[in-house]
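K.L.:
Have a look at this one before I ask anything.
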Amino acid sequence: MRMIIKNGTVIDGFGSEATADILIDYGIIKAIDKNIQVSDGIVIDATGKYVLPGFVDMHTHLRQPGFEEKETIKTGTEAAATGGYTTVACMPNTNPPIDNEIVVEYVKSIAQREGVVKVLPIGAMTKGMKGEEITEMAKLKKAGVVALSDDGFPIMSAGLMKRIMTYGKMYDLLMITHCEDKALSGEGVMNSGVISTMIGLKGIPREAEEVMLARNIILAKSTGVRLHIAHISTKGSVELIREAKEKGVKITAEVTPHNLTLTDEAVYNYDTNTKAYPPLRTREDIEALIEGLKDGTIDAIATDHAPHTKDDKKVPYDMAAFGISGLETAFSVINTFLVQTGKITIKELVNYMSINPAKILGISSGIKVGSIADIVIVDPYEEYVVDKDKFKSKGKNTPFHGMRLKGVVDCTIVEGEIKYKKDRKTEKVEV
């Protein structure tokens, strides 16, 4: 199907920003120029809007198989398209976990049949994600995983982690690690500090993240594996990764929108939708994380989309599930708090949310002639009020509910097909 995007400000991901038209035919970008004329096809007017490479989320929980009451591949990818994502990498903490080629094929087949955007499976490091026996990496890679991770179940044994990294290096697989020392995090549920003491909740010290991160950096340097650090949250973690990069360690890192914008002060009213791992930290940490993005220490912004049922969250804070539903608010949150305030540019947003995560995962991204037409059109200035009840995701667990944000996804195009288009007749900005 032929399509033309007219008069948008195209940020291609390669340094260029210009008002232009984009001609798409059979899912491929055929031309980028001014005043392109065609006799047939779909015409999208992008006047006053940015036309960007589709966002790539390298940390999504789609929950299927096993936890379909929280999310399915269908609802999760619908949420992704609504948020401007054209590709998501799904974590292996399903039931059964993505720890063998059969489950990989299941996820791929459901995604092919019911998915709205492209889904890249991440395989488990250990069988059953129990941290005991290494998975068959060669079979997982052949089946199509883009990385290995035990997600929120950190490998506590340094010896086992070294063996995993050694095999990972052998098969050229990206290792994604959740850095948490369970002996330090214990039963903590929020950032350890003044506020946790004031409101009587058990704290998670920053050392729980930083000690495990330091260990994994040492092992990555020793083995030469490609290491990616999931959702960092502390100033100390930024410093450790910066130093590791300076020493030539093959390391990349991501940070979430909520850890870039919210502090532990948001937990004051015991809203369980603020409960995530890692926890919301302090203003000093946020400033360090933003600086880490700016200087290249942190490579990507990832949602860690973790949908839960209402029952998972409608309990006392210390009993509530960790996790935030983030696919549908990520762009708006980053645009509102970082771009519109001048902390980062829209070009940098494109790097953090599209170009860099794609590069880390080994896939293509960017707008150029001959490339696949994975595109998002956004209005960076339109405002709206977040309404969790309008989420496509089954997970309504967002700390941004009721917040006025600036920046709206207008259209998401995957391989030349419109997968989401904002209905401006029915969706009004709440006043």
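Including glycine, each Cβ sits where the backbone N, Cα and C put it.
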K.L.:
Let me know which member of ASN35, ASN93, ASN335, ASN351 Swiss-Prot also records as binding substrate at the site of HIS61, LEU62, ARG63, HIS308, PHE322, GLY323.
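P.N.:
Substrate site check in Swiss-Prot: besides HIS61, LEU62, ARG63, HIS308, PHE322, GLY323, the record includes ASN93 out of ASN35, ASN93, ASN335, ASN351.
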K.L.:
Which of these, ASP151, ASP172, ASP410, ASP423, does Swiss-Prot list as part of the Zn(2+) 1 site with HIS59, HIS61, ASP304?
P.N.:
ASP151
K.L.:
What subset of the binding-site residues ASN93, HIS178, GLY323 lies within 10 angstroms of ASP304 (Zn(2+) 1 binding site) at the C-alpha level?
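P.N.:
Matched binding-site residues: GLY323, sequence order.
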K.L.:
Compared by Cα position, which of the binding-site residues HIS61, HIS178, HIS231 is the closest one to HIS308 (substrate binding site)?
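P.N.:
It is HIS61, whose Cα lies nearest.
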K.L.:
List, in sequence order, the same-chain residues at least six positions removed whose CB sits under 8 Å from that of ARG63 (substrate binding site)?
P.N.:
LYS70, GLU71, THR72, GLY76, THR94, PRO307
K.L.:
Determine, to the nearest whole angstrom, how far the Cα atom of PHE322 (substrate binding site) is from the Cα atom of HIS61 (Zn(2+) 1 binding site).
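P.N.:
About 12 Å separates the two Cα atoms.
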K.L.:
Relative to the mean position of the Cβ atoms of HIS59, HIS61, ASP151, ASP304, the recorded Zn(2+) 1 site, which additional same-chain residues have Cβ within 8 Å?
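P.N.:
Nearby residues not in the site list: THR60, MET91, ASN93, GLY152, ALA230, HIS231, ALA302, THR303, HIS305, ALA306.
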